[in-house]
């Protein structure tokens with residue numbers, strides 16, 4: 001079957017985006033991993049699929065697959081690309097655009113400068129929502145010998161405070177943490193260096209995709225944790241390898257992610 005696709009990225013976190021409103025395209029893990037291969041396929045961190053919603057007031061179903069073929073709950077950078085895609089393809093003229101992910105409903109607002117602001121919902125520090133198998137909620141948890149904050153942004157995140165993100169062995173540490181029995185669904189692992197109360201450096205090892213140039217939900221998780229710990233103010237610039245994301249979070253409220261979403265190319269591929 002020959003399908004149309006669009007290649008996009010948000011701060012270097014790259015995506016293959018597909019319109020499946022007709023419901024005639026079926027993906028499986030083998031197809032996805034083949035398409036994600038950067039040497040023999042399209043190459044991407046995540047596959048984003050636009051599907052119809054059966055929920056009143058919700059414009060689309062936003063389906064996300066990691067490059068290993070696993071379906072995941074949330075992707076903030078992908079949400080920005082999703083918004084620009086459905087607008088560019090004239091699939092909707094709504095603004096904001098409301099979409100249903102695997103875990104929750106989020107709102108996407110297109111700005112005049114082609115950036116997108118995503119209402120990522122309310123972060124949860126409840127271990128059951130992550131899930132994290134611990135007896136009670138705490139400011140931090142010791143997992144595989146590391147002190148970590150744990151947060152759900154609709155998907156699971158752990159955050160480690162570090163002095164310098166450039167000297168951390170991200171892959172080795174993240175893989176060790178992900179193997180913990182305390183994290184039955186694993187987690188995205190963020191390494192946060194606080195520069196001041198409005199600015200951080202961040203690297204994120206994404207579950208199912210390894211380290212990426214940017215992770216929107218990871219940026220939200222890091223800022224939410226920093227605000228809750230009194231280390232950050234409500235407006236924070238997050239410096240990622242692929243560029244800067246802007247996060248706004250008031251303790252106990254919703255968290256907002258703003259940043260660019262870029263088109264790279266379009267094409268057709270046999271699946």
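Note that Cβ sites are derived from N, Cα and C of the backbone, with glycine treated the same way.
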Per Swiss-Prot, what member of 95, 104, 155, 166 joins 13, 46, 66, 76, 77, 188, 206, 207, 216, 217 in binding substrate at one site?
155
Just going by other Cβ atoms within 10 Å, which of the binding-site residues 66, 77, 188, 217 has the emptiest spot?
66
Using a Cβ cut-off under 8 Å and a sequence separation of 6 or more, which residues in the same chain sit near residue 265 (site 'Important for dimerization')?
6, 7
Other than 13, 46, 66, 76, 77, 155, 188, 206, 207, 216, 217, which residues of the same chain sit close to substrate? List them in sequence order, counting a residue when its Cβ is within 8 Å of the Cβ centroid of the site.
45, 64, 72, 74, 75, 78, 204, 209, 212, 215, 218
